[in-house]
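Visitor: Pasting in a structure now, in structure tokens, and then I'll have a few things to ask.
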């Protein structure tokens with residue numbers, strides 16, 4: 001079977017109504033990645049500043065000159081690495097069916113290598129994250145009509161652990177449409193919806209509040225659980241938090257021996273930054 005071939009649509013059709021393995025077998029994950037030239041530009045440019053030039057942000061992450069040069073030469077490699085770790089964690093958790101929506105050729109190729117089903121993002125969707133997610137969900141309904149759930153996941157969760165995803169899905173399928181917020185509590189790291197839901201999700205500024213207003217249940221509103229899934233990487237502070245939790249092998253291969261400054265470590269993870 002080719003690397004990008006989808007799992008047959010009847011997968012999971014004999015599942016019952018409970019159990020992690022069964023629930024995960026009826027879930028399709030949808031991710032969206034913009035053009036690499038536009039993705040994480042502020043984060044990558046900040047990290048790849050010339051060695052010796054420090055700001056409150058760059059002081060969080062200590063990179064060698066060689067690492068900075070790699071990021072400067074190919075910032076898209078960092079985005080692809082986080083995507084690979086995120087998809088790998090989904091697969092390891094038991095969510096085998098993954099859709100990636102993107103207009104970028106490199107993202108398309110890498111996602112296919114990771115056994116994801118790729119949907120080309122058309123020009124009229126460009127820049128509209130919610131439309132991209134809706135496009136991916138529509139493709140999921142076509143590819144896997146017997147599945148029950150779509151989980152919309154940020155593509156930049158390099159610290160996410162399979163056990164956390166299993167726990168989240170198990171909790172979410174009991175509650176219905178559910179979400180996990182980001183570190184700041186204002187954004188949405190993960191949104192689980194019925195496969196039959198057609199309305200647009202509400203990602204964007206203050207998406208957590210927007211999703212709540214639409215009736216989405218927030219899992220763990222006290223933010224005591226799943227810090228790894230809450231840590232989507234949009235800022236250097238987010239990356240420092242992810243490194244402290246432990247990132248996946250692909251992200252490590254790009255960052256190498258990156259270290260977190262001891263002077264600022266106590267401030268990492270205070271959930272003060274919006275995504």
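Note that Cβ sites are derived from N, Cα and C of the backbone, with glycine treated the same way.
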Visitor: Just to be sure I read the record right: 204, 207 are listed as binding phosphoenolpyruvate in TrEMBL. Which of 188, 196 is listed for the same site?
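Guide: Given 204, 207 bind phosphoenolpyruvate in TrEMBL, the matching entry from 188, 196 is 188.
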Visitor: Using other CB atoms within 10 angstroms as the count, which residue among the binding-site residues 188, 207 scores least?
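Guide: Result for the binding-site residues 188, 207: minimum number of other Cβ atoms within 10 Å at 207.
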Visitor: Can you tell me how many other Cβ atoms are located within 10 Å of the Cβ belonging to residue 204 (phosphoenolpyruvate binding site)?
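Guide: Residue 204 (phosphoenolpyruvate binding site): 12 neighbouring Cβ atoms within 10 Å.
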Visitor: To what whole number does the mean pLDDT across the domain 'MobA-like NTP transferase' (82-203) round?
Guide: 97
